[in-house]
Amino acid sequence: MGANNGKQYGSEGKGSSSVSSDVSSSTDHTPTKAQRNVATSEDSDLSMRTLSTPSPALICPPTLPGFQNGRGSSTSSSSITGETVAMVHSPPPTRLTHPLIRLASRPQKEQASIDRLPDHSMVQIFSFLPTNQLCRCARVCRRWYNLAWDPRLWRTIRLTGETINVDRALKVLTRRLCQDTPNVCLMLETVIVSGCRRLTDRGLYTIAQCCPELRRLEVSGCYNISNEAVFDVVSLCPNLEHLDVSGCSKVTCISLTREASIKLSPLHGKQISIRYLDMTDCFVLEDEGLHTIAAHCTQLTHLYLRRCVRLTDEGLRYLVIYCTSIKELSVSDCRFVSDFGLREIAKLESRLRYLSIAHCGRITDVGIRYVAKYCSKLRYLNARGCEGITDHGVEYLAKNCTKLKSLDIGKCPLVSDTGLESLALNCFNLKRLSLKSCESITGQGLQIVAANCFDLQMLNVQDCEVSVEALRFVKRHCKRCVIEHTNPAFF
């Protein structure tokens, strides 16, 4: 994606080049002038063209002899009627210093259907386009150029692609968007550059400097960014609420910069306004880093720490001390989290609605009892692969968390039909149930669930020894249920 502000982007010039060379590998997004130099090749560097909005070029039919006006624009504005055409004739065999030029009128072309739409409809259509496509639309004609840069379309920037020079694209874009408000881009609220591996600290620093109203930033999979860049963003964007740094392996902490902490900005105080934080696969994150994050991000409500393999129960203790408003928490695949960690999580009490502890092998019925006792409003629990959980833990969970809607206890070999019976008799609102690879489950347990949980929408019994009759029973009683199974006789 890209945008330009009317000048060439050479070295560190004040203007900006075609962003399309960075975003969509295309040419300048502003309608270009007809080339005056007849010796200029069509293969010249397209990314260095001027970005000013010209009047529609005079187009010569390619069949006319002596046509040497370079590349004529084939995308002249359809709103122009009775267009004048410059017809250049070859000079006669005499010594004439100038070619003879005569003007002729081209027959009026029928207006394209899309050009009949009013501006507000065009802006609405453009609002559904990704950023790089929007930049390409800006190249069609003058009207589209003006519409494509409507401020309402630039509340979000979304860049994708591993080969994009994201740092440069962000610099050019923010510069173009700052034309009406020098040095700041007040309309931009969301930046999504997930999977752009060429993003570095320089690109994030550009965002931090130019986007004070930023509310959402997603840089998942951008593994070249570091703590310092994240510090800049959270320090200079006081309204930031949503931050996704999943897969950013160099990020080990989130805090204010030293300068921001010293100045005690009235916008910040000492706190960061982030409510949603995803640090999945930040495998270098340790307890001390989580301590710092919790101390600065006290307003967190959604926190995802999947596969942060160095975290322990101590880190969860810090988290609960500072972040008392957490509603959703995932510590799945954190192998050092045990029942003691769940005891700390249980202190969130009825505020906790979503908990994922999948593949935390040290968790047993003891930890489940802590959560079930104090987190009575729990709606979602993923305990897949917690092999220490038995029917006793499931029974205690079912009796205390009666509003449970989604439960995953797959690969828990000690859970049997007894646990399913407790679920069926207490959790009538259950909609999703995964029992994948639960070796002790039989068709009898499934029938009890189906007879009581009529709203069941998804049932996973892959690699379970259940009969076709039991699966058909489930289908009859739970009409909307999608059954995932490995029984070839059932279809």
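Glycine is treated like the rest: Cβ placed from N, Cα and C.
Among the features that Swiss-Prot reports, region 'Disordered' is placed at 1-79.
Summarising the annotation, Swiss-Prot assigns compositional bias 'Low complexity' to 16-26.
For 185-210, the entry in Swiss-Prot reads repeat 'LRR 1'. Assigned with DSSP, the residues of the repeat 'LRR 1' (185-210) fall into helix, strand and coil as follows: 10 helix, 3 strand, 13 coil.
DSSP labels the residues of the repeat 'LRR 4' (271-296) in these numbers: 10 helix, 3 strand, 13 coil. Swiss-Prot lists 271-296 with the feature repeat 'LRR 4'.
Feature annotation from Swiss-Prot assigns repeat 'LRR 6' to 323-348. Within the model, the repeat 'LRR 6' (323-348) shows a mean pLDDT value of 98, rounded to a whole number.
The annotation repeat 'LRR 7' is assigned in Swiss-Prot to 349-374. For the repeat 'LRR 7' (349-374), the DSSP-based tally of helix, strand and coil residues reads 13 helix, 5 strand, 8 coil.
Same-chain neighbours of the repeat 'LRR 8' (375-400): 330, 332, 345-346, 348-365, 368-369, 406-416, 418-420, 422-423, 425-427, 434, 436, counting only residues six or more beyond its ends whose CB sits under 8 Å from a CB of the stretch. The repeat 'LRR 8' annotation in Swiss-Prot covers 375-400.
Same-chain neighbours of the repeat 'LRR 10' (427-452): 384, 398, 401-417, 419-421, 458-467, 469-471, 473-474, 476-478, 481, 484, counting only residues six or more beyond its ends whose CB sits under 8 Å from a CB of the stretch. Positions annotated as repeat 'LRR 10' by Swiss-Prot: 427-452.
For the repeat 'LRR 8' (375-400), the number of residues in each DSSP class (helix H, G, I; strand E, B; coil) is 10 helix, 4 strand, 12 coil.
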